[in-house]
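Have a look at the structure below, then the notes.
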Amino acid sequence: MLSVEILHEEIEPIDENLQNLLVRCLEAAAKLEEVQGEVVVTLVNNERIHELNRDYRGVDRPTDVLSFAMNEPGEGEMEIFIDEDEASEFPNMLGDIIISVPKAHEQAEDYGHSFERELGFLTVHGFLHLLGYDHGTPEEEKEMFSRQEKVLEEIGLTR
């Protein structure tokens, strides 16, 4: 099972239908990847994601989505090992996904598809990053984007 919390930071909350769409996207991706755990999705404005992108990635501009995986130790952090028998006592906190709502609107218009489709795409994209997928090479990109499309097609968010 996947536990999802949706937060709004410095923006008006999105409606309940869109929140349910995000949960459906994450549940479908978790099922495809056979993973359980907890995810927090925070919806923000361009100023906030710009700040986070600058502070954590050293990129001084807004972006569409950021992912902060909790299962990967950060620079200078110790890796924590838990006995397999005890692991079930702790929640599997997968991480945080931060999405710029204004960027999602802008990109939906640029790509000629719905805001819902773009928001779903960014949600699944961020989730796959939490699981370690990347798109730094053509092979990685092909793998990641094919998984994204599979999830989006499954829930009816086609182009």
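Each Cβ is built from the backbone N, Cα and C atoms, and glycine gets one as well.
If you look up Swiss-Prot, you'll see His125, His129, His135 marked as Zn(2+) binding site, on the strength of sequence analysis.
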Neighbouring C-beta atoms (10 Å sphere around the C-beta of His125 (Zn(2+) binding site)): 24
Among His129, His135, which are binding-site residues, the residue with the most C-beta atoms within 10 angstroms of its C-beta: His129
Other residues, Cβ within 8 Å of His125, His129, His135 Cβ centroid (Zn(2+) site): Val65, Ser67, Gly126, Leu128, Tyr133, Asp134, Met144, Gln148
